[in-house]
Amino acid sequence: MNTMTMNNKLINTRGDMIWALMAGALCLVGLAGLGNYLLQGHDAYNVYRQVPWGILISTYVFFAVCCTGLCLVSSLGHVFGFKNFEGIGKRAIAMAIIALVSGFVVIGLELGRPLALIYNLLSPNPSAPIWWMGTLYSIYLGVLLVEFTLMVRGMHKYVGYASLAGFIGGVAANSNLGSVFGLLDARPFWQGPFLPISIIVTAAISGCAIVILLMAHRYAREKMPEDIQRAVTATSKIFALLLGVLMFFEFWKVMSAIYGTVPGQYDAMMILLKGPLAFNYWGLEILLGMVVPFVLLMSSGGRSLGTAVVAAISTLIGLFFMRYNMVVAGQLVPLRAEVDAVGPSGLLSYTPSLTEIAITLGGFGLCLALYMAADRYFNLDEQGH
Amino acid sequence: MSQERKKRWVMVVDPDKCIDCKACDVACKRENGMDAGTDQQVYRNWITSKGVEGTYPYLKERFEPSQCQHCQNPPCVKVCPTSASYQTEDGLVAIDYKRCIVCASCILACPYDARYKSPQTKVIDKCTFCAHRIAEGKLPACVDTCPTKVRVFGDLNDPNSEVARLLATRHYRVLKPEQGTKPSLFYLS
Ligand code: SF4
Ligand code: SF4
Ligand code: SF4
């Protein structure tokens with residue numbers, strides 16, 4: 001296989017070099033953040049009593065959602081029998097594992113005492129959505145590793161079953177992720193049916209976007225095989241369709257929050273619409289995340305790979321901020337107006353600290369580095385049956 | 001049958017008596033070894049101003065002291081993955097500190113802003129109703145110290161207790177009843 005020669009060395013071309021440098025730089029930044037965290041503990045973060053969840057939680061959610069999304073797209077081949085998609089399955093699953101591991105690392109650094117996680121097993125509390133989150137995503141990681149191993153060993157007979165398990169696990173873990181927020185009754189912004197639905201739709205969107213990027217990178221210097229090309233075109237079309245669905249949801253989410261009567265929901269929505277998070281919301285989440293990629297994909301009909309790549313990058317940036325906005329906006333309406341941290345606007349505020357930003361960037365660096373390593377050590381192209 | 005009747009610790013608060021002297025805050029911090037330093041976020045109890053009432057010159061500012069409500073239906077316990085937050089037999093909501101992973105779910109689940117991260121132990125903490133003092137037959141520090149006796153503490157399951165008598169004879173309310181938390185702090189009105 002021609003890919004064999006390509007995979008022998010980690011760095012073959014200038015392109016690889018740039019990626020490696022980028023991953024290395026991000027990892028270094030992350031290590032600096034880690035160092036500061038080890039020195040100062042949670043004090044190095046800007047989360048506090050009134051806003052205890054910050055960018056590390058939202059970054060974890062982003063990674064976890066991407067993981068599910070990749071699994072959904074890859075299952076199109078092995079579970080739902082769309083032959084063209086079989087060629088992208090292995091690479092997508094590898095990336096799903098890597099994204100989830102990166103997410104675990106980031107959330108591990110958010111937890112004040114990750115070692116006490118042993119009590120997740122010793123004294124489990126199944127009524128806690130966070131308990132389910134930890135448990136389901138851990139099992140899910142196991143399922144993905146099995147699936148990947150079967151793929152690498154070429155045991156195609158069993159890959160279908162493993163993919164099905166992965167698909168079910170992914171959807172279960174993902175809808176539970178919504179409940180981690182949705183069941184916090186004290187925070188009305190996260191309640192309601194929109195969150196789980198929007199999380200699963202955005203999962204599929206991020207899966208499409210990442211698959212497009214992976215394939216564009218893989219075949220940057222050689223001709224894309226026809227089946228892959230067809231799969232990528234189909235992915236771009238699904239991507240555009242889902243963006244349309246997401247915009248529809250977003251519209252009704254906003255409407256129901258501003259016309260609804262749930263106290264706390266209106267105020268939190270206003271933080272996004274015209275408050276401190278307005279730029280993040282309109283500029284990044286809506287424009288970059290939905291409108292720009294939708295217009296790009298529609299205008300190219302999903303046929304131009306270059307356009308799809310730009311759309312994918314744009315969407316992923318938007319989705320990252322969508323998570324951030326969701327996590328932060330849900331906490332900025334104070335439970336007691338007289339606490340010291342409330343500003344003149346009557347709202348709390350949160351800006352990530354340099355350490356939190358560094359760890360976030362490190363998470364992306366780790367993700368990139370692990371992918372480059374996986375690409376080198378495994379043949380991520382699907383072999384024939 | 002059972003000789004030992006189960007206790008139900010509650011606190012009855014008469015907010016009209018509160019003069020915002022913050023003695024309870026100081027007493028609580030000393031009793032529980034809390035060193036807040038300059039950190040404004042470290043407190044187990046707090047006084048809320050409910051604004052000025054009446055017409056000049058008969059003005060009165062009203063205060064409302066509060067703390068963990070030791071809810072009978074506590075959302076903080078429900079969301080705790082490791083069962084670090086739990087309910088005791090006698091109606092207290094307690095934390096087993098060694099189990100806490102500091103995920104902060106409980107802080108977000110509590111509708112009263114009762115929880116914080118301790119700068120000393122680095123885990124989540126809150127008002128314990130001074131369980132260590134109750135065990136010795138003493139009153140919680142904030143109850144003991146209050147110059148105007150705003151808080152009355154006792155066992156609601158004992159019909160002769162002062163809390164039981166107050167709740168039987170006076171009008172009272174709880175905070176945020178719509179949250180369905182069933183607080184153990186009752187405010188006389
Ligand atoms: S007041 Fe808050 S911390 Fe206390 S028991 Fe109720 S929910 Fe839990
Ligand atoms: S922060 Fe600690 S006490 Fe609170 S929910 Fe998490 S593990 Fe439980
Ligand atoms: S009961 Fe004890 S721990 Fe709770 S507020 Fe009073 S003094 Fe503090």
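Here the Cβ of each residue, glycine as well, is placed from N, Cα and C on the backbone.
Beyond the transmembrane segment (A:20-39), the same-chain residues lying 6 or more positions past its ends with a Cβ under 8 Å from any Cβ of the stretch are 10-11, 45, 109, 354-359, 361-366, 368-369, 372. Residues or ranges marked as transmembrane segment in TrEMBL: A:20-39 (among others).
Outside the transmembrane segment (A:51-80) by six or more residues, the chain places 45, 86-89, 92-93, 95-97, 99-100, 102-104, 106-107, 109-110, 137, 140, 144, 159-160, 163-164, 166-167, 169-171, 173-174, 177, 199-200, 202-208, 210-211, 231, 235, 319-320, 323-324, 326-328, 331-332, 341, 348-350, 352, 356-357, 359-360, 363, 367 with a CB less than 8 A from a CB of the stretch. The feature transmembrane segment is assigned by TrEMBL to A:51-80 (among others).
Marked as transmembrane segment by TrEMBL: A:92-109 (among others).
The transmembrane segment annotation in TrEMBL covers A:129-146 (among others).
Using a Cβ-Cβ cut-off under 8 Å and counting only residues 6 or more beyond its ends in the same chain, the transmembrane segment (A:158-177) has close neighbours at 61, 64-65, 67-68, 71-72, 74-75, 77-79, 89, 93, 129, 132-133, 136-137, 139-140, 143-144, 146-147, 150-151, 196, 199-200, 203. Annotated transmembrane segment per TrEMBL: A:158-177 (among others), in sequence order.
The transmembrane segment feature in TrEMBL is assigned to A:197-217 (among others). Away from its own ends, the transmembrane segment (A:197-217) comes close to residues 62, 65-66, 68-74, 88, 91-92, 95, 99, 170-171, 174-175, 177-178, 224, 228, 231-232, 235-236, 238-239, 242-243, 245-246, 249-250, 253, 293, 305, 308-309, 311-313, 315-316, 319, 322 of its chain (Cβ-Cβ under 8 Å, at least six residues beyond either end).
The feature transmembrane segment is assigned by TrEMBL to A:238-259 (among others). A Cβ distance under 8 Å defines the sequence-distant neighbours of the transmembrane segment (A:238-259), meaning residues of its chain 6+ beyond its ends; these are 189, 192, 194, 197-198, 201-202, 204-205, 208-209, 212, 265-266, 268-270, 273, 286, 290-291, 293-294, 297-298, 302, 308, 311-312, 315.
Feature annotation from TrEMBL assigns transmembrane segment to A:279-298 (among others).
The transmembrane segment annotation in TrEMBL covers A:305-324 (among others).
Beyond its flanks by at least six residues, the transmembrane segment (A:357-374) meets 10, 16, 19-20, 22-34, 36-37, 55-56, 59, 63, 94-95, 98-99, 101-103, 105-106, 109, 380 of its own chain at Cβ-Cβ distances under 8 Å. Residues annotated as transmembrane segment in TrEMBL: A:357-374 (among others).
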Contact ranking winner - A:92-109, A:129-146, A:279-298 against the transmembrane segment (A:305-324), Cβ under 8 Å: A:279-298
Other parts of the chain folded back onto the transmembrane segment (A:92-109), taken as Cβ under 8 Å at six or more residues beyond its ends: 34, 37, 56-57, 59-64, 66-68, 70-71, 73-74, 137, 140-141, 144-145, 147-148, 151, 166, 207, 210-211, 214, 359-360, 363-364, 366-367, 370-371, 374-375, 378, 380
